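Let me begin by presenting the structure, written as structure tokens, before commenting on it.
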């Protein structure tokens, strides 16, 4: 009954349509929005789910000439005699009330966020189940969005497993290091990850203006001693920083920092970007962390008096990351694949001993959040429909 129309009428000189639903809720729809979203074949290409009507052809002051309704549809005639039909459930879903808009945004963008620290219970699923079953793939990606990290177990100890996950999502994110890349100690390494030393907490590739959203790391070979992985929930740490030191939070969320990456791998590259280390949306919510101390440039485009306060704020942020309450430490085993949110989590690695041969080998890849979210929405629909 929630999507059943009790009454529909034009208001405000026919510039608004009001619907009273059988659940006693009311919805208002501007006439210009209704005309813009006419679903007829002249105005909408159903095969592409895309609007054909041009803004140039839209009268922004249009009113409704005629309106009739039944329980499941509204029928509108416009001043030029154009005719539109709107389904009740389509209209109810797009109600302009604050509550309805918030509900739809939750459905579209999966905003639920579960913060964590050292108490994290690492979400774990079977690698083959994720590849084979939609229910498991949906659990994987929905948990990745909510918690920020999922471990998959049972992969092989051969390269190629992250490419399978890329196909499961859609496709991988190509960078200057290739579609996939090998994390192992190398002579004359072109990245600090390709050494045996400790890696401090960082996000990958802030030197790009659009850093990769999701990272995949498959353990092929693991060293006996050292090489433990460390992760921290950057969004949780930001909350703590804002509470403990609002000035430091303000500095890191307003100061543009230069990042650079220069070298040769998939091809030769010379990359430069500018990011705020803590990136906020228009509501002041943290949406991305951009921080890699190795690729933070020596160039710093700020007035001289702002340099020392920036370093003080950054030090406070990093100290919070490294607190025992914030970080979670674990060791990957051969066949494990760690998948995590590169915009939210910062990750690091403890040092390990170099031998005469490669003692630790991970294969990595990236995915874009747009690709991941696309697959997540499709999987939810399949699971809910029982397909």
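Cβ coordinates are placed from backbone N, Cα and C, and glycine is handled just like the others.
Because the structure is a prediction, the values reported are computed rather than measured.
Taken verbatim from Swiss-Prot:
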type: BINDING; residues: 38, 40, 43, 82; note: Zn(2+) binding site
type: BINDING; residues: 202, 204, 347; note: Fe cation binding site
type: MOD_RES; residues: 351; note: phosphoserine
Nearest-integer angstrom distance between the alpha carbons (Cα) of residue 82 (Zn(2+) binding site) and residue 202 (Fe cation binding site): 57
Distant-in-sequence Cβ neighbours of residue 204 (Fe cation binding site), under 8 Å, six or more positions away: 211, 212, 215, 292, 342, 366
Integer Å distance between the CA atoms belonging to residue 38 (Zn(2+) binding site) and residue 347 (Fe cation binding site): 48
Residue 202 (Fe cation binding site) versus recorded positions 38, 40, 43, 351 - nearest by Cα: 351
Other C-beta atoms that fall within 10 angstroms of the C-beta of residue 202 (Fe cation binding site): 22
Of 347, 351 (the recorded positions), the residue whose Cβ has the fewest other Cβ atoms within 10 Å: 351
Where residue 204 (Fe cation binding site) sits in the secondary structure, as DSSP reduces it to three classes: coil
Site of maximum Cβ density within 10 Å, from binding-site residues 38, 40, 43: 38
Shell list (Fe cation; ref centroid = CB of 202, 204, 347; cutoff 8 A): 199, 201, 203, 215, 292, 342, 345, 346, 348
Where residue 347 (Fe cation binding site) sits in the secondary structure, as DSSP reduces it to three classes: strand
